[in-house]
Amino acid sequence: MADSTGPISLTVHGAAGRMGRRVVALGMTDSSFHLVGAIDHAQSDHLGKDAGSVAGEAPSGVEISSTWPTLGDQTGPQAVVDFSLPEALDDCLAHCVKVGSPLVVATTGLTDEQKQRLSDAAASIPIVWAPSMSLAVNLSMKIAEQITAALKDVSGGLDVEILERHHRFKADAPSGTALKFGELIAGQLGESTTHVHGREGHTGARTREEIGYHAIRVGDNPGEHTIVFGMLGEKIELNVAASNRDCYASGALAAAKWLIQENKGPGLYSMFDVLGMSDN
Ligand SMILES: NC(=O)C1=CN([C@@H]2O[C@H](COP(=O)(O)OP(=O)(O)OC[C@H]3O[C@@H](n4cnc5c(N)ncnc54)[C@H](O)[C@@H]3O)[C@@H](O)[C@H]2O)C=CC1
Ligand SMILES: O=C(O)C1=N[C@H](C(=O)O)C[C@H](O)C1
């Protein structure tokens, strides 16, 4: 149970997708949650089908729909978990603000304008937003910051390159996680850091200030990031890899529980907050 008022009424946005299905499946087996809504695109082939069945589980009694569930006079806690597409997020945000629902946003590839709308919405509802809901990835981000802080002034200079590998279906590049690693590492390196996406042709020698990003798309890889800290004479490679998508799905559900159990007010929270890894 999420708290004394009973299980969290869970709505999954993007429920028919690769991630949405895993959130539905894990949410159904967790007594802290009661699945009440499964939203997907109005043109989805899965509209009208049972969300549990689409997820490969027992029927849930909840059909995949393009309209939001009406929770009526139910007084228990509710939460929305979003794994969809950037262009789908605005409607989801508007709905959550309208009904006052806590929201977990996992979708990546957001525009600057969308990030601003997320911040604006967080003035009225609690939102967890993170490019990776994985414990191992978030811990690796903290380790990457520490390695950078320790090596940034190393004799001969430090070169940081970020390699990410994902399944062939991924729509955005580089991954939201790679960008977040880069942002955190740049925070340690300093303001003159530049971000270089791939290299081709006569690029000249690498500068000390740049972070390089390389996006690999292969098969069914559920997500892997390697941060290379190269020096003259030696290197460190920090590798974090998912074996399947459940690290993200269970992280998102943990974030929804955290919002409810900690009784979080309006605000924009990160997985560092959820995992107790924030600096402040
Ligand atoms: N933060 C994290 O830990 C993770 C984030 N992601 C991100 O989550 C997102 C989804 O990833 P996948 O599940 O692999 O993609 P997917 O393409 O399999 O699923 C997206 C789902 O959203 C649905 N959708 C599209 N338009 C919609 C609309 N207007 N309303 C409702 N649903 C709509 C699609 O029909 C589809 O079912 C991506 O941005 C991905 O990068 C993925 C894994 C982990
Ligand atoms: O699309 C994916 O699959 C993933 N997307 C996220 C990202 O862009 O960082 C997180 C994870 O790596 C899987």
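Using the three backbone atoms N, Cα and C, a Cβ is placed for every residue, glycine included.
Automated prediction, rather than curation, is the source of TrEMBL annotations.
For 8-133, the entry in TrEMBL reads domain 'Dihydrodipicolinate reductase N-terminal'.
TrEMBL lists 137-275 with the feature domain 'Dihydrodipicolinate reductase C-terminal'.
Within the same chain, residues at least 6 positions away in sequence whose Cβ sits under 8 Å from that of His166 (active site, proton donor/acceptor) are Ser175, Ala215, Ile216, Arg217, Val218, Asn221, Pro222, Gly223, Glu224. Taken from TrEMBL, the feature active site, proton donor/acceptor applies to His166.
The annotation (S)-2,3,4,5-tetrahydrodipicolinate binding site is assigned in TrEMBL to His167, Gly176, Thr177. The Cβ of His167 ((S)-2,3,4,5-tetrahydrodipicolinate binding site) lies under 8 Å from the Cβ of Arg217, Val218, Gly219, Asp220, Asn221, Pro222, each on the same chain and at least six residues away in sequence.
Marked as active site, proton donor by TrEMBL: Lys170. For the recorded site, Lys170 (active site, proton donor), the DSSP three-state label reads coil.
Ranked by how many other Cβ atoms sit within 10 Å of their Cβ, the binding-site residues Gly176, Thr177 place Gly176 at the bottom.
Thr177 ((S)-2,3,4,5-tetrahydrodipicolinate binding site) sits 13 Å from Lys170 (active site, proton donor), counting Cα to Cα. For the domain 'Dihydrodipicolinate reductase N-terminal' (8-133), residue counts in helix, strand and coil come to 39 helix, 29 strand, 58 coil, using DSSP. The (S)-2,3,4,5-tetrahydrodipicolinate site is set by His167, Gly176, Thr177; from the centre of their CB atoms, other residues of the chain with a CB within 8 Å are Thr108, Pro131, Ser132, Glu164, His166, Lys170, Asp172, Ser175, Ala178, Gly223.
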